[in-house]
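As given in TrEMBL:
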DOMAIN    A:20-235  domain 'MacB-like periplasmic core'
TRANSMEM  A:21-41  transmembrane segment
TRANSMEM  A:283-302  transmembrane segment
DOMAIN    A:287-402  domain 'ABC3 transporter permease C-terminal'
TRANSMEM  A:327-353  transmembrane segment
TRANSMEM  A:373-397  transmembrane segment
TRANSMEM  A:422-442  transmembrane segment
DOMAIN    A:430-629  domain 'MacB-like periplasmic core'
TRANSMEM  A:658-686  transmembrane segment
DOMAIN    A:665-778  domain 'ABC3 transporter permease C-terminal'
TRANSMEM  A:714-733  transmembrane segment
TRANSMEM  A:749-768  transmembrane segment
Amino acid sequence: MIFSYLKVAFRNLRKNRFFTLINIAGLTIGMTSTLLILLWVNSERSWDKDQKHYEDIYHVYINRNFNGEITTGQDMMFPLPSAAKAAIPEVEAAAVASFPGDVLMTVGDKKLNRRSITTTPEFLDIFNYDFLEGTSAALKDPDAILITESTARGLFNRINVIGETIKLNNDRSVVVKAVLKDPVPASTVQFDLVQSYNQSSDWVKNASADWVNCGNRVFFRLKPGSNATAVEAKTIALIRAKTGSENPTTRGQIILHPMSKWRLYEEYRDGKNTGGRIQYVRLFTWVAVVILLIACVNFMNLSTARSEKRAKEVGIRKTLGSMRKQLVFQFVTESVLMALFSFALAVLFMFLLVKPFSQLLNQQISVPYSDPASWGIMAGIILFTGFIAGSYPAFYLSSFQPVKIFKGTFLSGKQLLAPRKILVTAQFVISFLLISATILIYQQLQYVQNRDLGYSQDNLLMVNSSSQADRQLQAFKNDLYATGMVEAVNRTGNQITDIFGYTSGISYSGMPESKNLIIGFMFTDHDFAKTMKVKVLEGRDFQPADTNNVILNKEAVRLLGLKDAIGTKLNWAGKERLLVGVIDNFVINSPYGAPEPLMLVSESGWNGRINIRFRDNVDIKKAVAAVETIYNRYSPDYLFEYRFIDEFFNEKFNNEQLIGSLSVIFSGLAIFVCCLGLFGLVSFAIERRKKEIGIRKVLGASVQQLLVLMSKEFFLLIALAFLIAIPLTWWMMKGWLTNYAYRIEINPVVFLVVAVLVVFIALVTISLNASRAALKNPVTSLRSE
Amino acid sequence: MIKISNLEKIYRTEDVETVALNKLSFEVKDGEFVAVMGPSGCGKSTLLNILGLLDDPDSGSFLFNGIEVAGFNERKRADLRKRNIGFVFQSFNLIDELTVFENVELPLIYTGVKAAERKKIVEDVLDKMVIMHRRNHYPQQLSGGQQQRVAVARAVVNNPKLILADEPTGNLDSSNGNEVMQLLTDLNEQGTTIVMVTHSEHDARYSHRIIRMLDGQTVMQDLMV
């Protein structure tokens, strides 16, 4: 029996090649898109899963309470892990680790700048890495380091490097005691070398007793099955007991951020997790489902549209005794067969496209062959598609009454116009929404990228400073100026695109009690405003003699409530500092946000970055080469590494660029699939009206009149789709844009443009088909009588 | 009205070449009623398509009202056709989705007649054809004879100079058939030229002249008196 169904199904698919082709093309595109999106979703969801204790690892966060304003931070006090391990039974292992930082590694003439973490031996009780050489005991030795395989190859061209000596930051020498496999790319904790805190150093001795200042990360591994909420409560209680006094930290709450949320739920607002990348993962999971549904809708539309052709078969089968459920089964077999075939093609395309797709997204996406769940999902896609696409036509076709079919009173095809129209309208609503959303995302991105930042990023180069360069700073600068290509030079503690740190400790005499504010700060030295091209509103830029002065931006002045700001003496970090200038606000941190309050502090010893502003119209390549020569003269032991500030800035758009790219691709595909469906529907509509078209032509209808006639009903649907889609899109995109303080207003012209575009696409689709019918000699369609 | 000379039309498929019209020549004068007869496949339908400006001859000359129309492009033919020629088909060829009124109205829409005027003309014609009472019915709701009367109404609504009828009684019983033939005769008497393709000797007797065709050529012409 099943064989007979398969045979009939095959013959039917073969006989209706055009119909089969459109359906298979649609389903294949739908499934390929779905597979690619699911691969991406899978790769996003599989981050950190290589860790053995994935379920039990937590990053300790703190919600600090500054007079009711909650900020979430990762920086914790140094002695917390050992105290927590001793006091809280659920804590199996706890480690303190530095934030990753660049370290210059020198072996002979070879220099590499690599990412380093400093931690305690317990780090390896929490995280597991494969040791290629050596053992985890290496971390117990403060003069030892662990390096990754790629670092070993970079420095030595081999991995059996135990016992080799490396100089760090041209300062101290360490011995390699272990070589680890590189952390997998899909891993949140990334490093190239691991150092151990020197337990006998003064710094560690002081830090071990300091429960107030926080500057390191803390990781916990709990015993399996522990209640994380209970541990959070015990941890903050421990901190309160150990600190003894009140501060924003002790007023706050501990959050154990589980490893399963590190990648996708990294954002906190007002102390609560607000998601993060997960919103994109969810969004595109929906897009995948929608594209697949569009393809299924095509299948349904085409199947019911051509039901007249199948009616006779249904009538005969029923007359010969077929039960309705047998017919349903037969039709579903056909659609599942088609889904299966499309799926085979989709898998082929997926393999062809997965590499370019990875490159586009700039992340590694692989096919999880070995995961049985993924095979289950794939089988699920086939059956889902087959059943969704096939069920409706199957139930519809099998409901035909044989008597009516043979009497000819049966008007199939026409009966289902209403549901078909609804489905086509829905497809156009989705197309409209996807195109408009894509355009608005790009507009927002453009808008922010072209934002007046309050400083200039053009020709602004940043190089790492060095102790050698610092010692001869003036001579180094003079040489830079002597090239004639450099307009200004200045040093900062970090790149200008990020705030160095936040403080709540600024005060001045007569400051109102309520002004306990969080203000960003950044270390720098003279010529800051000149180099960055930031407008000085009052007072002056830093000068060489400024060693203990500060400059505030307009927003900080406003928040601190300063009047006649210049000359105010501010207390911060144990020193009294003179306010010498007020600068205009400029954009740091988030390019989407409102300007943040900022304090520039002129203090030497913190300025590890040199910012070099080139003159306009210099040859950038030559200028960089000149800087390199001078740099190497003054810092022979350091590696010359440079970056342009606009590169840093552009990294802030990675997420938006990602959704932009994904939207373009998948909205394009969705629309293409919609058009395929439209094309099919039009061709069936024309088939049905072949005679009518012939008659009208004989009676004098022009080709244009016929095209209008054939397009009219579809354009009514498109118009209806616009009526639904425009408010829907407006509402959804308005919601998306509220994520950004600095955002575009939705311009109705976008909708007009998209409407014209959709109409144009539909017109082309319809004309391709209709013009053939309209141009055909009417004699041929009338002769058959 | 019509003067064709040495008209040729050849249909080619992959391996067969069929000569549908072979150097066909004849003339139809204004106000004439001509019947074209001949066995199946002799080229009658091809001739009618060419006369109706639906198809183009491969060679030869076709003077319509003194204008050479052989080689006219689609647009010009359509223009000429909708103003001068009415069609009556064996299978009526009414549009199922349109009412009687709308079917008859169609040619007027395509020649750009204004709505108010169209209503008047269509009602006039429906009156004349005695199907006014059926104006809001759909073709399926009418008998064959009634459908053909609608088709004739549609053919004459534009007041064409020429009516081409292709087996107009082929799908009708004899009483309905006679009625339609009477309609055509009346129209002819009012001055419309008619060329009718038919298998029926009975119908042919309504005409002034019979052109008999065989293998794409005229073999003889009978004059009826």
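Backbone N, Cα and C atoms are what each Cβ position is placed from, and that goes for glycine too.
Here the transmembrane segment (A:658-686) sits against the transmembrane segment (A:21-41); at least 3 CB pairs are under 8 Å, leaving out pairs fewer than 6 apart in sequence. Using DSSP to sort the residues of the domain 'ABC3 transporter permease C-terminal' (A:665-778) gives these counts of helix, strand and coil: 97 helix, 0 strand, 17 coil.
With DSSP states grouped into helix (H, G, I), strand (E, B) and coil, the domain 'ABC3 transporter permease C-terminal' (A:287-402) comes out at 97 helix, 0 strand, 19 coil. Against the transmembrane segment (A:283-302), stretch A:21-41 shows more Cβ pairs under 8 Å than any other of A:21-41, A:327-353, A:373-397, A:749-768. In this chain, the transmembrane segment (A:373-397) lies close to the transmembrane segment (A:327-353): three or more C-beta pairs between them fall below 8 angstroms, excluding pairs fewer than 6 positions apart. Across all of the domain 'ABC3 transporter permease C-terminal' (A:287-402), the predicted model scores a mean pLDDT of 82. If one looks beyond the transmembrane segment (A:327-353) by at least 6 residues along the same chain, the residues whose Cβ comes under 8 Å of a Cβ in the stretch are 2, 5-6, 8-10, 12-13, 20, 23-24, 27-28, 30-32, 34-36, 39, 299, 303, 314, 317-318, 367, 378, 381-383, 385-387, 389-391, 393-395, 397-398.
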